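Residues or ranges marked as domain 'Thiamine pyrophosphate enzyme N-terminal TPP-binding' by TrEMBL: B:7-122. Residues or ranges marked as domain 'Thiamine pyrophosphate enzyme central' by TrEMBL: B:197-331. Per TrEMBL, domain 'Thiamine pyrophosphate enzyme TPP-binding' is recorded for B:393-540.
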Amino acid sequence: MKQEYIITVYSENHIGMLSRITLVFTRRKINIDSLTVSESAIEGIFKFTIVIKSTPDLIVKVVGQIEKQIDVLKAFYHTNDEMIYQEIALYKVATEALYENDTIEKIVRNAGARILEITREYTVIEKTGHKTETQELFFELNKFKVMQFIRSGRVALTRDPIERLSEFLKERDAVLEQID
Amino acid sequence: MTTKKVTGSQAVILSLLEEEVDTIFGYPGGAIMPIYDALYDHNDHVKHILTRHEQGAIHAAEGYARVTGKPGVCFATSGPGATNLITGIADAMLDSVPLVCIIGQVASPLLGTDAFQESDVVGISMPVTKWNYQITTPEEIPETIAKAFYIANSGRPGPVLIDITKDAQFGEFDFEYKKCTKIRSYLPEQPINKFKIKEAADIIDNAERPLLLFGQGVIIGRAEEELKAFVEKTGIPAAWTLLGLSALPTDHPLNVGMLGMHGNYGPNQLTNHADVIISVGMRFDDRVTGKVSSYATEAKIIHLEIDPAEIHKIIRADVPILGNSKKSLKLLTDQVKENRHDEWLARFRESDKTEQEKIIQKELFPEKPGLTMGEVVRIAGDKTNHEAVLVTDVGQHQMVASRYFKFRHPRSNVTSGGLGTMGFGLPAAMGAQIGAPDRKVIAFIGDGGFQMTIQELGTIAQNKLPVKIVVLNNNFLGMVRQWQQLFFEKRYSFTELQNPDFIAIAKGFGIDAHKVEVRDDLESSIQTMIDHPGPYMLEVVIEKEDNVFPMVPSGASVSDIMLEL
Ligand SMILES: Cc1ncc(C[n+]2csc(CCOP(=O)(O)OP(=O)(O)O)c2C)c(N)n1
């Protein structure tokens, strides 16, 4: 059975890394549902957060093939319930719609969203949450016509108390010392 | 360390010398001319082999790497030069061959502009390289080349490509070279888990019908002696994959032959009777496993492997042992009890008898008038005392040669296994001969594959490489014809060839050649070829519609191996 997995890849900051990583998915015709890349807490090391649907069997192989890339330090995979994750969504609605009645304001308040910017023509609303939540807000707001909408890729943290990568780097250093 | 001011091009050559490169296979062109110019001053230190096509250069580099265990080095120019290398790079990727390819690229300000002979080589080669990198400043050259050699030949080896822009080749800088010995993000081999060794040893000690499968990992890891010690201590029958050929002498009492689609009857069919399978440095390719769901059905699997991504990739391992096979085999040998499996071994010998009667006898000692590939291979093997390096192209002749050529020494088999690249044989033989100048190198090539890289006869002649080329001519793309006969109702769709006069062609290139059409002429002609001091081509006209057996039809289980039609 396929389910959603979050893959976290730590890599050196080298040109072409994104291609090398996505090639592993392309080869197996796996669709990437969401992708976020940014520098990690450790300077010079980049973190990729990739969401795909996979079977438990396949995810191991895919992550193994990602980790095999020379400039990849480490790759982890988790199911959704093993991680705390969020996506951010921005919605642009006509400011006029806001003045006509207070429904939009209520929707925004109830959804735990906030208003980011108001101009004469439009208002930008921001909501952080899971895709189902940002999607639901879209549905609600779209009753008043959403002029523009964008959702980010996922960002995710493990429930571990420590940054796993620093542990990993320590271990790796020790192993590399051992090897002649 | 002292530094000196050099150009990027000079730095390339100096770096290669630091890596003790003695041979470069290549083909020049605009974007790599500065590097060729720098090479001109180092003629005494490093040999450059000018091939007739970049595909020739890359396969030659593979042949060189396979017999020496050192990375093969290749030069090519940008654009078409680089794209011509791709087949060979893909081949090396699948067969874990260490290569360092150095490519010229248009000057960095022109990158991305569709400049003359610009192609995105880093992009094109990404899926088929272990690592690749584009250099745009001379300062990056020594460090990148050092890294390239380290990556290419450590852990599971593979091809590495470096793309160097022309301005980086011209620029000057202070050269300083330091070999690369570690990379933070790359662990070439895992430390061996002693608990897993213990667990495996227990399973092996209690096995009744254990079978060992070994592949090229044994050769790459230079673990031939360790393998022998292990099988001799445990008495476990051992079967090789196509790329494992020559890691154990053919006539070793525990060598039970070849796995795979056209492998031997015993090891294929008995795979499904084994209760324990120990696989060493092999990756359960689909040509070995046949239908995976009915493969090794009764066995616990112990998998010794250097590449973590291979574990559980095809076959679930009950005990994976990650690490270098030389070390893990040694540890395992220390742990296991001395043992014998005579009855079990006898079952392999029993199967051998069946195979001998049904297939081998008539292939090696045919009574019909038409010549067989098998008899040619048998005589050539005997006449070289089983000490030659075997090079094969791809097709029926490859399977026949792999089945019947015998080996006494490791690193004696060069073939394209994973990619199955026709056209590999001739250039690979020339690279193998350069890598092993004191050994006899015999290439068996089909009439189809021969014509894919036939121009390399020119390289062989120019460099006086004494390779012995046996063209097994059945006037067909034999292997495809065999499938058409077996699985497509004999509909021979575009597999028959009208061939040129191969003898005239060889002679035109300045290579001695002879054509054999009857059995009476065969033995003495092979002798003449072997005694000939220089390169030699022997064309042998083979029965047109012979088939290679046994055969595990694709998609069938190894236990459904067919002995005949
Ligand atoms: C580059 C390439 N193209 C196509 C094939 C598919 N193929 C596999 S074997 C074969 C026939 C080879 O014929 P030949 O070289 O005459 O050797 P034979 O099988 O007759 O010994 C072909 C076409 C291949 N392996 N490689």
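Any Cβ shown, glycine's included, is placed from N, Cα and C.
All annotation found in TrEMBL is predicted automatically rather than curated by experts.
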Model confidence over the domain 'Thiamine pyrophosphate enzyme central' (B:197-331) (mean pLDDT, whole number):
98
Per DSSP, what is the residue tally for the domain 'Thiamine pyrophosphate enzyme central' (B:197-331) in helix, strand and coil?
48 helix, 28 strand, 59 coil
DSSP helix, strand and coil counts for the domain 'Thiamine pyrophosphate enzyme TPP-binding' (B:393-540)?
63 helix, 26 strand, 59 coil
